[in-house]
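A.B. asks: Quick one: this structure, given as structure tokens, is what I'll be asking you about.
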């Protein structure tokens, strides 16, 4: 209880600094973020979507480091699929009755539940329908990380695993700019592709009724000793002001893949207390 009070008071001080400071420089939220990301190498970024002003940041070095996007790649893939008219909001992805690794994946899915439950087999079905060349073109148009969709060396698995702790890498800073392009409708895709993707990312209202849109991602590194975790997306205030954020981490969190849960929890804690 005392720790919670201390963290909330520290965040209150940071909010006061953000509101009343006449400077436009970003606020370092280390006092708040350090205990939240304890035991991991974490990063948090919050930007004004319109002006590209950095509102708050934690651990700039980590935020500049590329890592596999894991299931956050579904955001980019959703844009591609809707733009190429491979899917629409009424699409049903039919389960083939074979076990898919998680119980929630063993059923038919929609574009919304594909995003909500991070259904890998749906992503793999979509990538194969779009095709490697077209995906590469989209990655270039999106300026998405290192744009490497080759997959693991000598495994020829780019279309099915490039984003899953494999060849495709992107930094939290690069994710921020990608998210800004989405929320500002500044990508060379159909407006409907952007609108449908954003709609399917909606999760909940924050404590102050600000709307939260987001996507998690998680994966074990090659030696399975560390986990990468993501939570990223948009918040839209009651007044309509838009922000983009990324929470990311790398750490030894045991054998259960919980890194994205931690990244999401940390982000929501910070966003709720910032009360934007």
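Cβ coordinates are placed from backbone N, Cα and C, and glycine is handled just like the others.
What Swiss-Prot records for 71 is active site, acyl-ester intermediate, and it gives experimental evidence as the kind of evidence. The beta-lactam binding site annotation in Swiss-Prot covers 71, 74, 118, 216, 218. Taken from Swiss-Prot, the feature N6-carboxylysine covers 74. The annotation signal peptide is assigned in Swiss-Prot to 1-25 on the grounds of experimental evidence.
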A.B. asks: Between residue 118 (beta-lactam binding site) and the residue listed as 'active site, acyl-ester intermediate', what is the CA-CA distance rounded to a whole number of Å?
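C.D. replies: On Cα coordinates alone, these residues lie 6 Å apart.
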A.B. asks: Using Cβ-Cβ distances, find the residues under 8 Å from residue 218 (beta-lactam binding site) that belong to the same chain and are at least 6 apart in sequence, listing them in sequence order.
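C.D. replies: Sequence-distant Cβ neighbours: 70, 71, 227, 228, 229, 230, 257, 258, 259, 260, 261, 263.
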A.B. asks: Over all pairs within 71, 74, 118, 216, 218, the annotated beta-lactam binders, what is the largest Cα to Cα distance, rounded to whole Å?
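C.D. replies: 12 Å is the greatest Cα spacing among the residues binding beta-lactam.
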A.B. asks: Determine, for the beta-lactam site, the additional residues of the same chain whose CB lies within 8 Å of the mean position of the CB atoms of 71, 74, 118, 216, 218; present them in sequence order.
C.D. replies: 70, 72, 215, 217, 230, 260
